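First the structure, in the form of C-alpha cells, and then the observations on it.
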Amino acid sequence: MFKEERRHAIINLLIKDNSVSVSKLSDLYKVSQETIRSDLRYFQKSGMLQRCYGGGILNRDALSKLITENKIDISSTIATPIHQDAKLRRENTKKAGKVCVLGSFNIDVSATVPWFPQSGESILASQFGFYPGGKGANQALAANNAGAAAHFIFKVGKDQFSAFAMNHIIQSGIASYSAYQTDKAPTGSALIYVSAVDGDNIIAIYPGANMMLTTQEINEQHRYIAESDVMLMQLETNIEALTEFIRLGKQENKMIMLNPAPYTKQVTHLLSDIDIITPNETEASFLSGVTITDINDAKKAGNIILQSGVKKVIITLGARGSLLCEHARTLYIPAWSAVVKDAAGAGDAFNGALAAALARQADMVAAIQYASAFASLAVEQVGASSMPQHLQVLHRMRTQSNKVIHIN
C-alpha cells in the first residue's frame, strides 16, 4: 500500500472510530510502527490529530476546516460508511428506531425577496446565502434530530461543493452515511426565493450528481436497509436507484415511505409498492387530477391516490395542517402555531420527523402530530436545513393543543 493510499485509509478510520492505535495500524497495513508514527505526525501537523499515548485522537473541527478549504482530498472520506453520534452526545438523548434515507444533497442558493419577480423583473434581495440542503440531506437530519438513528445515502460531484457537503454531513451528527462521488456531474444545487412577507418560497432544482446513483451502489447499502425500521426517499434521485431501493425494502419487509417531490410522472410506476406517501397540495393534485382548494378536495385526492395501491396517504397542507387518508378513515390534523421565517424546509422537516416517530413505533396519528410540531419549529428558523431538536418538539406539544378531526 502506497503512503498516500494508507493515509487516506487512516483518515477514514479516524472519522469512523475517533481514535487510532499505532500498533493496530502497523499490523493492519503491514508497515513498521515508526512508519505509522510518521503518518500520525503528518496529521498532527495539519491540526486534525491530537497525539496521545500509543496513538492519536481526531480533531473533528480541524478536519471539517481542512475539507472546507480543500486541503485534504475529499475522496478520502467518500464511499465509506461513516458512523458518529456527536449530536446524540450533546443532547444526551438515546436514539430510538432506525431510518434509512436515500436522497439528495444540494447546495441551496437562497435569496429573501419582498415579492416574487415577474418575467423580466429585477428586484433587490434583503438576504442572500449558501446553505446545505437537498431533500434527502434535510430529511435525514430531521429524522436524526427527531430521535432516530438515520443512515443517509447520497452522491456528490468532484467539485468545491462536495467539500461543503462533506463538512456539513460530518458536523450534522447524522448517525451514519454512505457518500458516493462522480466526475460526470456537479454536486446538486437549488435556487430558492423566500418571501420576506410570509416565508413562502419558490424553488428551482438542478439535481446534478444526485441523478447518478447506480443500482450497484444501492445494493451496497443492503445492510443498512435490512437494519432500518423505516425507509424514506424523495424524487431528487434517479428512478433506477429508487426502484432498487424499494425492491430491497420489499425483500426485507420494511415500511417504505415516499415524499413525491419534486413531482415527476415516473412516480406512478412506484406507487403500488409504497406504504406511505406524503404529497403536498400541488403534488397530490398531480397524482389525483383533483384541484385542491379545501379539505374536501384534499380528501377526494387522497382517496384517488389510495386506489394506486398506496396504503396510506398524508397530504400536507402548509399552514392548514395535514390530512391522513386511509381506506377506513380520513383524519384532519391541524398545524401547530408558528412564527414563520422560512418555510423552505417545512416539508423536509415533516417527513424526516414522521419517519423517526414511526421508527420508534408511534401510532400514525401521534406520529403525524409530532411531525407537524417538528415542522412548526423548523419554519421559525432560516435555512431549509435548520432543524429543531427532539426536546424542543416535546415542549411545543406540551404548551399547545392540537385536536384531530374525523372527516366524514
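Yeah, the Cβs are placed from backbone N, Cα and C, and that goes for glycine too.
If you look up TrEMBL, you'll see 3-58 marked as domain 'HTH deoR-type'.
A sphere of 10 angstroms centred on the C-beta of Asn106 (substrate binding site) encloses 34 other C-beta atoms. The feature substrate binding site is assigned by TrEMBL to Asn106, Ile107, Asp108, Gly134, Lys135, Gly136, Ala137, Asn138, Glu236, Asp348.
The annotation ATP binding site is assigned in TrEMBL to Asn280, Thr316, Leu317, Gly318, Ala319, Arg320, Gly321, Gly347, Asp348. Following the DSSP three-state reduction, the secondary structure of Gly321 (ATP binding site) is coil.
What TrEMBL records for Asp342, Ala344, Ala378, Gln381, Gly383 is K(+) binding site. DSSP assigns Asp342 (K(+) binding site) to coil, not to a helix or a strand.
Around Asp348 (ATP binding site), taking its Cβ as the centre, 29 other Cβ atoms fall within 10 Å, counting all chains. Under the heading active site, proton acceptor, TrEMBL lists Asp348.
Around Ala137 (substrate binding site), a 10 Å sphere centred on its CB holds 30 further CB atoms from the protein chains shown. Of Glu236, Ala378, Gln381, all annotated as binding-site residues, the residue with the shortest Cα distance to Asp348 (ATP binding site) is Ala378. A helical conformation is recorded for Asp348 (ATP binding site) in the three-state DSSP classification. Taking the Cβ of Asn280 (ATP binding site) as reference, residues of its chain lying under 8 Å away and at least six apart in sequence are, in sequence order, Ala261, Ile315, Thr316, Leu317, Gly318, Gly347.
Cα-Cα distance from Asp108 (substrate binding site) to Ala344 (K(+) binding site): 10 Å (rounded to the nearest whole number). Taking a C-beta cut-off of under 8 angstroms and a sequence separation of 6 or more, Glu236 (substrate binding site) has the following same-chain neighbours: Gly103, Ser104, Asn106, Gly134, Lys135, Gly136, Gly188, Ile205, Pro207, Asn210, Ala261, Pro262. Of all Cβ atoms in the shown protein chains, 28 besides its own fall within 10 Å of the Cβ of Ala344 (K(+) binding site).
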